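Peer 1: Just dropping this structure here.
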Amino acid sequence: MKAKKTVGSSGSCVRAPALSTEPMAAVKHLAQIPRCTETGMICTQGCVTIEDVTVYFSQEEWKLLDEAQRLLYLDVMLENFTLISSLVYRYEAEAEEKTCAQSLSQTEAPQVRTPKQGQLRQKPHPSDICITVLKDILHLNDLPGQKPYLTEVCTKPQDHKHHRAKNWLKRDVDSLVKSCIFHVAGNPFICSKIGEKFPAIWNLLQPKDIPNGEKQNKIKRGKAFHRDKNNSESDEYKKSSSPQHRLHEYPGVCSAKGGFESNSCEQDLNKYSPAPFRMDQTENRPYECHVCGKWFGQKATLRIHQRRHTGEKPYKCGECGKSFCQSSNLSEHCRVHSGERPFECLECGKAFGCHSSLLRHQRTHTGEWPYECSDCGRLFRQIVSLITHQRTHTTEKPYECGQCEKSFSHKATLTVHQRVHTGEKPYHCEACGKSFSQSANLIKHSKIHTGEKPYECGECGLCFRQRATLMKHQRTHTSERPYECRECGKFFKQYFYLIEHRRIHTTTEFYECEQCGKSYTQKATLIRHQRVHTGESPYKCEECGKAFEYKSRLKRHQRTHTGERPYECAKCGKFFRESYNLAEHQKIHTKAKPYHCDQCGKCFSRRADLVKHQRVHTGERPYTCGECGKTFSRTTNLVQHRRIHTGERPYECDQCGKSFSQVSTLTRHQLLHTGEKPYKCSK
């Protein structure tokens, strides 16, 4: 190793200090060169040149340095070169301004003198000196068969201002690092670890905003990038300056053979590949994020961006308390509560609360499925759906509930689930004030008030509010039972019934009725059943005061007052109050009786009728009167019997006002007023 003697611009000689023969001792000494405490610049007596802070290694010493030592050496040299070059530019700029001022003061009228040929001499650009020295100490010229990946970019007359000259230096050193970093390391290294140990290199690799009209070339995994050695220097420089070849300027950084070895390395290279330095970058985007290095044109935009790193959400919804980092996101969210839908689809007229939802909806008309699963080939309209679907292949459930430790595949499902514990119901119906924990349930509920029933059955013409209800209804025509119990082989029409049935096999605790001994898997089902014995009827009709054991029966009863018959038979046009009455009626047209009694061979159109009929053979009477203990095989018979004890007579004659406990008795009584005699003796 040797120390060179150099001469500064002022003529004073400065010799680099004598260093140890150990290679890394020289690097450590170079990193400890004294600097100014205020500016961080190198402090020396007199004028300092670039070579004054340069340590040279011989070929033998260079080979002794490992990868980390070479990168550390390069990092220290880059920092020193940047500081020295800045001093040179500042010194030359001040000297030139001083010379111009003196010449103007000495003569009243400036005289223009044409220089003779060869008289005009261009000063060597400081970056040329920097590049020459750096190429020398890194032994780039000694590599066999390698052309230096540098061009003479600084041969123009030195008429640049100070800030423009700094930009030239930035571009030259940046180009040098791109071309030689692999030769310095000798082996592949991980991009994400550069910033931890080599800050000067890291500053050159920080992401830059690319000007409009330029796009970075996308790097695909497994593809190698090699420079063509046959190309000339000028062609090579032109290609390297174009945006299409900008990412090729890091040959072998992530792989010794030119290919990527890992996804993380590919992402790091794609993220931190530097773009050429431009003066208008910092002028048009002067505000930089210190966390990720992104630049912004306005300070307010930077503040909004920084909330992603800090997690700050200053905009809070007054209805449900949900917080957002941007006011625009809050405005979109408030439309959930207000029901405002300003974005309308031109195809079908459907409206949406935000523009992104409209764009996703429009794909249903265009048939576009742009996102494909690489594992199974399934297509999706939304990238969120693809990400959620891909977790079915990995069984990944990263979102865990802190209350019950249940895991979910995506965060939205976890948020909805947590409302089970908190009882939160942020979605309110404007018509009736009812609240819901999910927006989908509110949409379904709102159709009750609007009367919208968009899903129509092709067999009978019956319409439904939900598609799932239509699919369940269609099984009444086909008698399809797609849900099978793996334990006993029993089939069910609905998945809900299968889940209820499975508890028979899995549940060890049953809820037994003390009156009749019947067992149930759920306590709520037992409570509903006990109303049969106790006669409790908590649901009361506001019109007539009649009470019912179940809410569903109250709804069906209320149709007797309103006269509503929403279920129409497509064959004969007859209307019915209940869907099951329509289903039974339709079997008259089809004459289908799929349920057979094993005892007598009698056929029935409904399974429930078969169960009731089988009690004739078994003698089973599961329904008992709480007053007298009399038993019945059907609930309707028990209800009619109770009226003997209560004295209830709900069926009144319109002609004479007489009341009856059974509708059949009222029908026979009305024959007295009409004089009708429908029963004729066949003999």
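Here the Cβ of each residue, glycine as well, is placed from N, Cα and C on the backbone.
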Peer 1: What range among 140-162, 623-645 does Swiss-Prot record as zinc finger?
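Peer 2: From Swiss-Prot, the annotated zinc finger range turns out to be 623-645.
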Peer 1: For the feature zinc finger as recorded in Swiss-Prot, pick the matching range from 8-30, 31-53, 399-421.
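Peer 2: Of the candidate stretches, Swiss-Prot labels 399-421 as zinc finger.
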Peer 1: Looking at 197-219, 243-265, 427-449, I want to know which stretch Swiss-Prot calls zinc finger.
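Peer 2: It is 427-449 that Swiss-Prot annotates as zinc finger.
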Peer 1: Are there residues at least 6 beyond the ends of the zinc finger (623-645) whose Cβ is under 8 Å from a Cβ of it, and what are they?
Peer 2: 515-516, 532-535, 612, 615-616, 661-662
Peer 1: State the residues, same chain only, that lie 6 or more residues beyond the ends of the zinc finger (511-533) and have a CB under 8 A from a CB inside it; answer 'none' if no residue qualifies.
Peer 2: 500, 503-504, 549-550, 622-624, 626, 635, 638
Peer 1: Looking only at residues six or more beyond either end of the zinc finger (399-421), which have a C-beta under 8 A from one in the stretch?
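Peer 2: Long-range Cβ neighbours of the zinc finger (399-421): 384, 387-388, 391-392, 437-438.
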Peer 1: Go through the chain and flag residues at least 6 beyond the ends of the zinc finger (651-673) whose CB is under 8 A from any CB in it; none is fine as an answer.
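Peer 2: Distant contacts of the zinc finger (651-673): 640, 643-644.
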Peer 1: Test of understanding: applying the rule of at least three C-beta pairs under 8 Å (pairs 6 or more apart in sequence), is the zinc finger (315-337) touching the zinc finger (567-589)?
Peer 2: no
Peer 1: In the same chain, who gets a Cβ under 8 Å from the zinc finger (455-477) while lying at least 6 residues past its ends?
Peer 2: 444, 447-448, 493-494, 567-570, 579, 582-583, 586
